[in-house]
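Working notes for the structure below.
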Amino acid sequence: MVNVLAPGTTGRARAPETAGRRAADARGRARRRQAVVAYLFLAPALLFFAVFLVLPLGFALLLSMSRWAGFDLGGIDPVGLDNFARLFADGSTFLAPVLTNTLLFALGTVALALAGSLLVATCIDKLRFQGLWRTLYFLPIVTTVVAVGNVWKYMYEPGGLVNGVLNAAGLGSVAFLQDPDTALPAVVVVQAWASVGSAVLILTAGLKSVPGSYYEAAALDGAGPLTVFVRITLPLLRPSLLFVCITQFLTGLQSFALIVVMTKGGPGDATDVAALEMYRQAFSYGDWGTASAAAFVLFVVVLAVTLVQLWIFRRKGEDA
Amino acid sequence: MRRRRFPWVSYLVVVAGAVLTVVPFLDMVMTSFKGPGEAGRLPYRFLPEAFGLANYRAAIGQLNLPVLFRNSLVATALITGSVLLTSSLAGYALAKLRFRGRDFVFRLVLSTMMFPPFLFFVPHFLILVHWPLAGGNDLFGRGGAGLTVSIVALTMPFLVSGFGIFLMRQFVVAIPDEVLEAARIDGAGEFTVWWRIVVPQTKPVLVTLGLLTFVDAWNEYIWALLVSTADPDVMTLPVGIQLLQDYVDPARTMPVVMAGLVLSILPVLVLFLLLQKHYVRGVMLSGLK
């Protein structure tokens, strides 16, 4: 390695301003070298973002306004906003049922996961061995969607566990995934089941930050458990609840792997959601233009929800 | 203070929830032991008639499990190694090195987290298919299958993580400047500073990031499915097992599928149980999964 300080030692005998300039030069060189090193360290990431973020976004935007058979890059045929227009045209299935399914899927997941995790989190807070419970509730999160989807698909079968329980209770069997009316709720239950664990984690952390003195004061005033929950726990937990709500909603809008595994969008298009529709347009029908247009429509929805989230939390930050 | 009563209701709720969470896993394990014709038979029975290992043998044979395991492991290891390396290097540069454009690059990294993954399935696939001078392609990406016919294709869209860089930067910032400056005065170059000081100091968060990345990569399904349709040789565990489920008579193969699933989720479950504190911290840091 070159010792940048070496010339400075000989310069000590010379006029002070020369030495000062040399020191400044050395500092400048060190700074320039730091910049070179910094960009060297950042190079893999920047290169990656150029090829796998900027380029694909531009490419997808181009495709969303083109018709293309997918072979020769020269054969991309620009068609303006035709792909978007066709998505929203009369008789298109994109608005209904695909987008409505997407919203129902996301909302249903949020509602179920929130109710379940709120109940569990407030109860866990009073127990010992919280680590053990958390471990159990976390199991679905570290399990691949293929395992989760297949186990539940099997449990929903006529000879599976869910119908076994129904039959044992004297009820008739339900063809959960084959009936268009029950397929979407059945998938929602699985998605909620798989996401309760992380929601419990966030809410438990939120509960820990509620001062114990609030509960003691409420107990002195003779408040019952329900009053304490509604008047103290819920309001103080609001930031955590809001966070779980929005992030879960965003995940719900985008996820389709579970549906690919369990129903492939069927029966009919009862469980077809936007991201799955995009996937099928592209990889089943080779309609890259429509697929890209659908992706951007969903992206706009996701972006809008994200901006609402940022806005809410920024406002919260100013209040505090 | 008054002695608190034993929280019966809370126990009831938490135990009921835990049972609901665990029962599907138990059902998977029980089904994996059931004999031919036993799974799906009415009335439903939770326990198998006998605990035989026939389904596990069948899973290993029919599913080509050793190859699937190898592919999953290679892809996961490549992704995890790359994410750790690039996040740590970039995080250090953004936290502690002074250079023009630092704020811009940091903002760029933050903005990458805004784009949802579904936006990229189509363009990523097309970019890999038309990768110039690979897999029989010419300079303009025509003629062949591009990079899709290699195990690298499984990993490429996941090699760098905006969240990973952000996370590492937040933790490297906390290292005192004096420590780094002292090393530099001792003649250490930036690479040495990074390797000798930054990496050891950020070991816990590296474990967290590595674990999160490992679990995600091991469980990834949609992208692996796309790449595997182009080249069955690079099939991963989730894709291979789902394929068996899709194409063979479900009633007969369900126990075999379950056996394959049990084997495929074991590595991640063991890793999670050993390092769960790190994993839980990771979920807290990344928000929700």
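Each residue, glycine too, has its Cβ placed from N, Cα and C.
In TrEMBL, annotation is done automatically, which means it is predicted and not curated.
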Range annotated as region 'Disordered' - as stated in TrEMBL, picked from A:1-26, A:157-182: A:1-26
Same-chain residue ranges lying at least 6 outside the transmembrane segment (A:36-63) that approach it to Cβ under 8 Å: 76, 288-289, 291-292, 295-296
Contact set, same chain, for the transmembrane segment (A:103-124): CB under 8 Å, 6 or more residues outside the stretch: 130, 133-134, 137, 184-185, 187-189, 191-192, 195-196, 199-200, 203-204, 206-207, 229, 233, 237, 241, 244-245, 248-249, 251-253, 259, 271, 273
Distal contacts, the transmembrane segment (A:293-313) - CB-CB under 8 A, six or more residues away: 60-61, 64-65, 83-84, 86-87, 94, 99, 102, 239, 242-243, 246-247, 249-250, 253-254, 274-275, 277-278, 281
Surrounding residues of the transmembrane segment (A:184-207) on its own chain - C-beta under 8 Å, 6+ positions past either end: 101, 104-105, 108-109, 112-114, 116-118, 120-122, 124-125, 130, 134, 137-141, 143, 145, 148-149, 152, 156, 176-177, 233, 236-237, 239-241, 243-244, 248, 251-252, 255, 258-259, 262-263, 270-271
